[in-house]
Ligand code: HMG
């Protein structure tokens, strides 16, 4: 009996959307009376994306997907999964709004998934399992978040906002998601956000220790389970709450006896994987995939067949180590001018940032709030914005 060859499933297209505004981390340091080197060198952060009230996880997620999807894709998508921890509703999934905004064929499943920054990685796994049984289907996975810790808190310098959209299908043109993976769950309180709180409660130093310990223990298990080691990989990407933690992560994988040349090769690639994260900040669920996008678009030493180790971590905590294999001609399906998007953003002063931070949707007695004349909508480069709330219903508008 002929054994059916396993189909290859993975990332066929990848898009990224961020708000128009950013704060220079040095301005934050001045505003908070901190030495700028604490943020610039200590966290290796340089800027962070700031979302106005007219951009939320729905508008950003739909905008990221709109960049990559064509009519044919929209006909073939059978499932939309949004990973987020900045949800706009306790019942209705953001994926349902996004399904409508993108005009995806109606016979699709649309859901939202949550486990802190890990959600989108679980979504990729579900997408892969679905396509294994439905070979011609595509799944749209979106990782969308707005990270807000609060003014003058230790986490403030690690905020960010943005969304990654990935089209998952068979014979992908960017990267195959391989079967080897190891997950780990630890019931810990390192970072959490109770329903009554606008901001997370964070045990910052404990969280960084857990992130690193989860990485080393999960990677050890992975090496034993699959009889692999560093030599099986060409590069690594990490969840990046701030780039310096990624640097600690890669250093923890490079065992003491690793040759200097190999160490430098991994470190050089690591630095290309943080180019975007340094300028966006933590985007929670999308952060690992922004590192991947940054690596693939900024590194010249990768080729088809190379294996990329991926470390996903969500506080609470769940983590996963898995890997991707780069597809033939992957570069042709990426951009080589994305940094232009960063350069055309508007820089905020610390005062403007604080005003934007505190702006909220304020409803009148009928549950209405109208942003249609807001300058944030006029200035946005994204495809979708939140235009108004009518009778407690969020209304989005396509502007591009
Ligand atoms: P902190 O305690 O104010 O800062 O906040 P610090 O004192 O630890 O300093 C930070 C670094 O700057 C240190 O480097 C200092 O030495 C250095 P390290 O020793 O660690 O290498 N430093 C300087 N360097 C040069 N010149 C100077 C200078 N001063 C200090 N003058 C903390 C840091 C990370 C705790 C804070 O930003 C925070 O709470 N962030 C939020 C939590 C977080 O990001 N945790 C990461 C792991 S958990 C995770 O990844 C999940 C998450 O994404 C959420 C989710 O899953 O949903 C957060």
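In case you wondered, yes, glycine gets a Cβ from its N, Cα and C as well.
Pulled from TrEMBL, these are the features on record:
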| type | residues | note |
| --- | --- | --- |
| DOMAIN | 8-170 | domain 'Hydroxymethylglutaryl-coenzyme A synthase N-terminal' |
| ACT_SITE | 85 | active site, proton donor/acceptor |
| ACT_SITE | 117 | active site, acyl-thioester intermediate |
| BINDING | 149, 248, 282 | (3S)-3-hydroxy-3-methylglutaryl-CoA binding site |
| ACT_SITE | 239 | active site, proton donor/acceptor |
| DOMAIN | 251-397 | domain 'Hydroxymethylglutaryl-coenzyme A synthase C-terminal' |
Taking the residues the record says bind (3S)-3-hydroxy-3-methylglutaryl-CoA (149, 248, 282), how far apart in Å are the two Cα atoms that sit farthest from each other?
22
Nearest of the recorded positions (117, 149, 239, 248, 282) to residue 85 (active site, proton donor/acceptor), judged by Cα-Cα distance
117
For the recorded positions 239, 248, which one has its C-beta crowded by the most other C-beta atoms within 10 angstroms?
239
DSSP three-state call for residue 85 (active site, proton donor/acceptor): helix, strand or coil?
coil
If I take every residue in the domain 'Hydroxymethylglutaryl-coenzyme A synthase N-terminal' (8-170) and average their pLDDT values, what number comes out?
98
Coarse DSSP state, helix versus strand versus coil, of the residue listed as 'active site, acyl-thioester intermediate'
strand
I'd like the Cβ neighbour count for residue 149 ((3S)-3-hydroxy-3-methylglutaryl-CoA binding site), meaning other Cβ atoms within 10 Å of its Cβ, all protein chains included.
19
